Amino acid sequence: MNATFRPKPAGSRWTDEQWKAIAAGGRDILVAAAAGSGKTAVLVERIIQKVTAEEGAVDIDRLLVVTFTNAAAAEMKARIGEALERELANRPHSLHLRRQLSLLNRASISTLHSFCLDVIRKYYYLLDLDPSFRIADETEIELLKEDVLEELLEEEYGKADNERFFAVVDAYTGDRSDAELQEMILALYEFSRSHPAPDEWLADLVSMYDVDEQTNVETLPPARYIAQHAAMELAAAKRFIGLALALAEKESGPKPYEKRLREDMDLIADLERRLSGSWDELYHALQSLSFGRLPPCRGDGFDAELIDEAKSLRDQAKKKIEALRDNVFSLHPSAWLRHMREMKPVVETIAALVRRFSAMFEAAKREKGIVDFSDLEHYCLRILRQYDPETGEWQPSSAALEYQAQFDEVLVDEYQDTNLVQETILQLVKKGSERTGNLFMVGDVKQSIYRFRLAEPMLFLDKYKRFTADGEAGGMKIDLASNFRSRAEVLDGTNFLFAQIMGEAVGEMVYDEAAQLKYGADYPEGTDAVPEVMIIDRQRTSEEDEEETAELEAAELESRLMAEKIKEIVSRPFYVYDRSSGQQRRAMYRDIVVLVRSMTNAPQMIEQLQAQGIPAAADLSSGYFQATEISVMLSLLKVIDNPYQDIPLAAVLRSPLFRFDENELAMIRLSDPKGTFFEALQAFCQKTAETGEEENAKEKAISFLNKLEEWRTMARRRSLADLIWQLYRDTQFYDFVGALPGGKQRQANLRALYDRARQYESTSFRGLFRFLRFIERLQERGDDLGAARPLGDQEDVVRVMTIHSSKGLEFPIVFLVGLARPFYTRDLHSPYLLDKELGFAARFVHPRLRISYPTLPLLAIQVKKRLELLAEEMRILYVALTRAKEKLYLLASVNDADKEIEKWKGVAAESGWLLPDDVRASARSYLDWIGRALIRHRDGRSLVEVNRPDEIASHPSVWRFEIVSAAKLRNAEVSTDREDGGALVALEQGRPVPTQGEWEEEARRRLLWRYRYGKETVVRAKQSVSELKEQQALFGEQADEWLPRKGTAPLFSRPRFMQEKTLTPAEKGTALHVVMRHLDLHAPMDESSIRSQIIRLVEKELLSAEQAETVDAAAIVAFFATDIGRRLCAAREVYREVPFSLGLPADELYGSEGMESGRRLLVQGVVDCVFADERGYVVIDYKTDEVTGRFAGQKEEATRFLLGRYGGQMRLYRRAIEQIWRVPVAECYLYSFDGEYFLAVE
């Protein structure tokens, strides 16, 4: 089947590649969209093109659109809705477009979890699942896991002849608890859920350990990764020897070394040959390995530096090979096999425990009628596929075939972040093969940074390698390389780095021409957009500065350097391009973001920036449990649960709640030195006081014990949330913390604790003890309850955020800091590791000697996981660099800059763009990659003079380097203090603060400034017609509700106890409107019939009995006795209570003064009635204002009042109907029920 492709319209704003992604079809399509390439816009346009095509258009509910987040789904729906509205404006009579707008809200545009939930709701009976199930809160799931796991282990401990289980417990738990085993079971369970068939995957774990003495180690799955690692290390050793040989061959080089170095080269070649053969031979070759001594270089013709460098290179080669000998190949292959055989029962036992836990956990969830997010995917999978015993394969079920028939195309956003389960679901609901399919995937594998959530970027990469540009062999791939976000300097710099560091062996993909970012924006010239690399050297200080410099953390040093640069940016000033105005403007603090790998040091960074006068903030969700007010309340709750806890009890007594001082606590302890502190407290209360000080302390202690008993009783009888709020009231702690610095945040923290308690009790769990245990579990895992403070886009502050949080965002100026911080590799050294392919691996623990050894699978997974970690870190670095629109700063702090540069020099002369695999694989930080790449650039000459390949040195990118000493940063801080000192002294002495003229003038300008568009500050972007009416008049049918009068000013709707009294005019008017909306127009219009219909509205609870009594049936009869009333009953089309939204120029509603030019407001309203007959469309609005009494029967005065009050409103109604419905309104009327007459509105 050939790929379908619609030609690009003339004058289209889309690039050729973008249009191809929009218009291509007929097969599975993978769009590799680089950062800033407009992938979301392309995806939305593809959907719009499909549903708005004049030929072959599809309904939007025949598309399945899968997004990564709910926010992305909402945004996509909004964009599609706006596009449909625009298209409808061009084709107002298109019923198809109107239908798409009506279908949009129920279209399948959602996260995959939401789609799975819809599938389960529809086919729950296939799972024997209670249809009233609910999605459990994370708290409830964690507590239920804990319960099930405890139950499982108790059963195992109680079994007789359970030797294998106890062997596992002895091997993998400590002496005091089995927490390590619990963590292992939960980790393996969670990991298994990322597989489409978790039970089968768990059962298959043992197969890798099914070996015997005759097995060849080199044929086992782990051996492939060990061999790849060994080959990389041998290649590195060969490279070092080659460099040493090149030095020996130089005119003044160590020529006597040449023979020995060639022997070394032969030795390495022999090891490489053996690596691809028998590992038995390789083992013996490595164990018998011996490097000969280098011969001496006698005489004066040798360069000492070249001799030392050659020796160093050979030593590096020797270390590589010796590391292989002493680690990977330290055991004979037969020993590896023996360990694997002995591990087999261990793996079988652990896998069986996890499978039992899985079954028990699912049963517990079913019993409670709950599911978790993992269940959504797996239950959906059970519905969509069925096992075929004849072929031994899974096939789409009848439900899956229904979805295949339902959806004309399946579109997936952020495809690089899908996992194997999600991929399986997508494959089941799509049609056909890759060559004939309807799966459209868009993403950027270089931005796949969620492997820790078990995302699988290899799914994207595998397709990218298989698919072709023309799609003839199968699926089609389309590269979107044009970046419309960043300046050319940022893109060139990013390309220069990644062309050198990202490769297939280390990085999982090649950063080739197709992957490189291409400049597609249209920035004006004149901005200094050169990326800057700033390295803080801690050792470049004078002797007396060493102690202070050593105390400064890297984050603080980098923050001080950032502060200097940010001050320059704002004051110099630095200009950024504002796309909304199309003009350059001065950079503001909000244009700047600081990106960090983790938020560990973010509070210190913010503190440093603020100390330098720079407003800075972060969405911090950590530090909640460390907050004083939360620590105190949790201690109090622990004491209420169990007062025999010394530390919480002492913390509560010492806290502001009870204010015991150190002397009083000492008195209490002396009352019973050996018992618990609570026992000492009880003894102290029974003791006779000997001094006034003791008497005072005793009164406080007795008061505390009385309160504690009261609270303990309350904890048994009332809800947890009630208890916590009562504690706030009894102790007045909530009010107390509100008066402290940061009081609002502290009170918000206490409210969050209360809310969390309520949330906890909404689950199937209860009780203070369980809640405290849950909190402890959160703290043990490093989780936090703190809600991040959302920052508005317009807050003029420097933002500090993680690279992960920045994904999908863009900022004019980016500071990427902490580049020398080591990668987090601690997980690689865990006693056990998990891998989708290699399964489960752990250290072998000798049952008698209690000595542990790494097993071959464990080593293999370590090697594999390290490469995966490095690939992930490369992608995270790519995301960070591509957030910058105009300026990029890279910051690092190192112990010795000279030593770092010396390390980088080793690769400066390497030929070819890609740095050697071993160099990239040995990186311990981002700086290790960046430094080695940039040293090869021509601008690296400012750091060191070395030979550089011309092709690389002449790259069009431009860089600026700066080495900054820590002493300079410290001195800068001192000088700042001195500048402020004069002002501080003046203030202390009560004298005027000396100011410079320009600052005084600036202060005056700011204080006297008035906002140009002041009127806009009191005008909302969305206005109802009623609000517009009330802003233009002082009384009407709702006057009693809003008009301030002497003695009363109702602000809220009336409470229930007042509703027994007489209804207000507005409430009576509302009741009449309800009747007019629901009247049967084909029924007789007499009082009896209308009364009967009103009674039915009361029975349907659309009206209260009190409201019904106020409705004047005779007035309604009078309305329908008119000519227009009769026309309404006979009309071919009748619409009642018609809502509308209409965008209008603000100056048209409020006048141009005080309003921004071009500002539009959204006006909303509801038209009481619209009908159409042979004369055209008629608009009617009912009014219940009292006019007969007010104007003493003077109809002309009443008419003038009503038209003056409501004429503008009616003209808006007419305009809305005409613009939105695209039909002319022939007649427009007000009807006054009080006067029983119509008023025509022109």
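Numbering starts at 1 and runs along the chain as it is shown here.
For all residues, glycine too, the Cβ spot is worked out from N, Cα and C.
Positions annotated as ATP binding site by Swiss-Prot, on the basis of sequence analysis: Ala33, Ala34, Ala35, Gly36, Ser37, Gly38, Lys39, Thr40. Ala33 (ATP binding site) has a Cβ environment of 28 other Cβ atoms inside 10 Å.
Marked as domain 'UvrD-like helicase ATP-binding' by Swiss-Prot on the basis of sequence analysis: 12-487.
Per Swiss-Prot, the feature domain 'UvrD-like helicase C-terminal' maps to 514-808.
The least crowded of the binding-site residues Ala34, Ala35, judged by other CB atoms within 10 A of its own CB, is Ala35. Close to the recorded ATP site, the chain also has Val42, Asp444, Leu480, Asn483, Phe484, Arg485: residues not among Ala33, Ala34, Ala35, Gly36, Ser37, Gly38, Lys39, Thr40 whose Cβ is within 8 Å of the site's Cβ mean position. In the three-state DSSP classification, Ala33 (ATP binding site) falls within a strand. Around the Cβ of Thr40 (ATP binding site), the number of neighbouring Cβ atoms within 10 Å comes to 18. In three-state terms derived from DSSP, Lys39 (ATP binding site) belongs to a helical segment. Taking Cβ-Cβ distances under 8 Å and a sequence gap of 6 or more within the same chain, the neighbours of Gly36 (ATP binding site) are Asn483, Phe484, Arg485, Ser486, Leu517, Gly520, Glu810, Thr882. Mean predicted confidence for the domain 'UvrD-like helicase ATP-binding' (12-487): the pLDDT average there is 92. Applying an 8 A CB threshold to same-chain residues 6+ apart, the list for Ser37 (ATP binding site) reads Gln18, Asp444, Leu480, Ala481, Ser482, Asn483, Phe484, Gly520.
Taking all protein chains in view, 21 other C-beta atoms sit within 10 angstroms of the C-beta of Lys39 (ATP binding site). Long-range C-beta contacts of Gly38 (ATP binding site), restricted to its own chain and to partners at least six residues apart, with a cutoff below 8 Å, comprise Gln18, Leu480, Phe484.
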